[in-house]
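A.B. asks: This is the structure I want to talk about, given as structure tokens.
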């Protein structure tokens, strides 16, 4: 029978994995915590604003915006999880019980997984609407709720698996370097799963990108093409480029580092970059709110109304009144019988 080490300390497993456990605050620890708390605070405020805007504006009560709200909730949860990590890292790590250490890691895994799976759901939803030239998906409210439930169920499953058995407490030789209580096989599974999701997203958004470029080229050959229709298509290309670029920059380094650790790469100094690649992944939770929301004109106007709510009506910061036909100008325009889609993906 295998011997398990349930009664050992966190320091025991860190020593086993040869991961340094500092007894005092070093300058780099202070820097990482300061940056982490700053990023977490901005992530919390930004995603709270997105959720408030979608709840307050009835024009956002459609499937794509429900998914955006769920993405904001996942990123909000990621901000909370990362803030919890910042208050339980550095010299404080040695003081953690095994249970608290697993809670710390499970919060991160669950929140980041929910964010990634939600990004995939949004990509698939936008693919369907863009190719059919619809403004909003015909998905029913029940299906949206079911999809959101599935996203969180998958995230919780992947986040809680290590706490309920997929760890190395009974197999010290399989412990990873970056997460000394996790089995390397779990890190490999988690990294490969996220990389597969990333590949699917690249394929989906790549198809949208190619489709939109061809559509713009065809419209350019017809002088009678509606300018707003063409501008919307160009906006879609820009948004797709931003989405893929941000996702690649923020997520790929962390997934590669996790995969290298999971595969047991002896020559790879994964510990030197682990905190920074995790911070980079957390920054994506801020970028999501900007890319998916701020590029939407109606969302920006809603943000201004929420932020200027306490402003006096005659203040120069108060939002200007909408023209009677402003809603129509922002609404969907038709061309050749088809509705254009907004520039947010």
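Keep in mind that glycine also has a Cβ here, set from the backbone N, Cα and C atoms.
Computed from a predicted structure; not experimentally measured.
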A.B. asks: Quick one: sort out which of 30-52, 306-328 is the transmembrane segment according to TrEMBL.
C.D. replies: 30-52
A.B. asks: Looking at 257-275, 276-294, which one does TrEMBL call transmembrane segment?
C.D. replies: 276-294
A.B. asks: Is the transmembrane segment (186-212) packed against any residues at least 6 beyond its ends, judged by a Cβ distance under 8 Å, and which are they?
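C.D. replies: Residues 109, 113, 116-117, 119-120, 123-124, 126-127, 130-131, 158, 161-162, 166-167, 176, 178-179, 233, 236-237, 240-241, 243-244, 247, 251-252, 255-256, 258-259, 261-263, 345 contact the transmembrane segment (186-212) from elsewhere in the chain.
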